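Look at Swiss-Prot and you will find Gly35, Gly36, His37, Asp55, Phe79, Asp101, Gln108 tagged as S-adenosyl-L-methionine binding site, backed by sequence analysis.
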Amino acid sequence: MTETFQHISVLLNESIDGLAIKPDGIYIDGTFGRGGHSRTILSKLGPNGRLYSIDRDPQAIAEAGKIDDPRFTIIHGPFSGMAQYAEEYDLVGKVDGVLLDLGVSSPQLDDAERGFSFMKDGPLDMRMDPTSGIPVSQWLMEADLDDITWVIREFGEDKHARRIARAIVEYRENEENEPMVRTGQLAKLISEAAPKSFKEKKHPATRAFQAFRIYINSELEEIDTALKGAARILAPEGRLSVISFHSLEDRMVKRFIRKESKGPEVPHGIPLTEAQIKELGSANMKTVGKAIKPSKQEIDMNPRSRSSVLRIAEKL
């Protein structure tokens, strides 16, 4: 029997409002998930509007198959391929809005078989697309101490990174231990490795699990490529609406929008003519409003929305 997992779209109205949807516009939802944002966009489009949604999770693609609408197209792949897909559909410079809802969806977290959560025991996998790449369990068996430490520190911002990495390496080198292939095994190991002085409200494994997930899915590289792709394919006055869920993601989005809003930097001390400065280009986007966070009411209804941040930009 297949278990059904509910997903509540975070900052749904705010992110859709940020797109300033035109009834006959062309839109891209880079993260279909379970379709909350896509269905809302479709409800605001007229007969000539178009929505292209992207996801690399086969379960999301199956969910998208339930939408029978000639205005809707689902694309199976990573959102980093957005610019490529836009070229294939002749959409470059014609897209009126791009939505990116970053991170893991609730169904992915709640389905123990996907291996994303330390709260439910399941196979130690964590791949967004289980048909490609390697599971976390395999990487942890092969990576050296320094690599594991770097991943936990870089992507989990965990000050106990070395201690956790050492515990993982020592565990796998002990031939008496069972192979570490379950999320429960890893969560228990990290909890035991945490110092007795650990006082954070979060579970000791929270940051390490986030780090492994980000690394195994190349999430930050995916986001960087997707943001650049979105800036390229948007039409003038097209909107970019991005929801992030942790500080690493939000910093990337904030810096990207700031950089695109400033335009290229003119090198100091190098005399340039006005024509040469013009050749360097100008600002590509502008920030729309301030960063938006969920209301207390939304957080009460959906505690997972607590860390979310929405940023909106417009193509010039």
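Heads up, the Cβ atoms here are built off N, Cα and C, so glycines get one too.
Sequence features annotated in Swiss-Prot and their locations in the structure.
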| residue | record | DSSP (3 states) |
| --- | --- | --- |
| Gly35 | S-adenosyl-L-methionine binding site | coil |
| Asp55 | S-adenosyl-L-methionine binding site | strand |
| Phe79 | S-adenosyl-L-methionine binding site | helix |
| Asp101 | S-adenosyl-L-methionine binding site | strand |
Count the other Cβ atoms sitting within 10 Å of the Cβ of Asp101 (S-adenosyl-L-methionine binding site), across every protein chain shown. 25
For the binding-site residues listed here, Gly35, Gly36, which shows the highest count of neighbouring CB atoms within 10 A? Gly35
Test of understanding: give the count of other CB atoms lying within 10 angstroms of the CB of Asp55 (S-adenosyl-L-methionine binding site). 27
Within the same chain, the residues at least 6 apart in sequence whose Cβ is under 8 angstroms from that of Phe79 (S-adenosyl-L-methionine binding site) are Gly30, Thr31, Ile54, Asp55, Arg56, Leu100, Glu222, Ala226
Test of understanding: give the count of other CB atoms lying within 10 angstroms of the CB of His37 (S-adenosyl-L-methionine binding site). 28
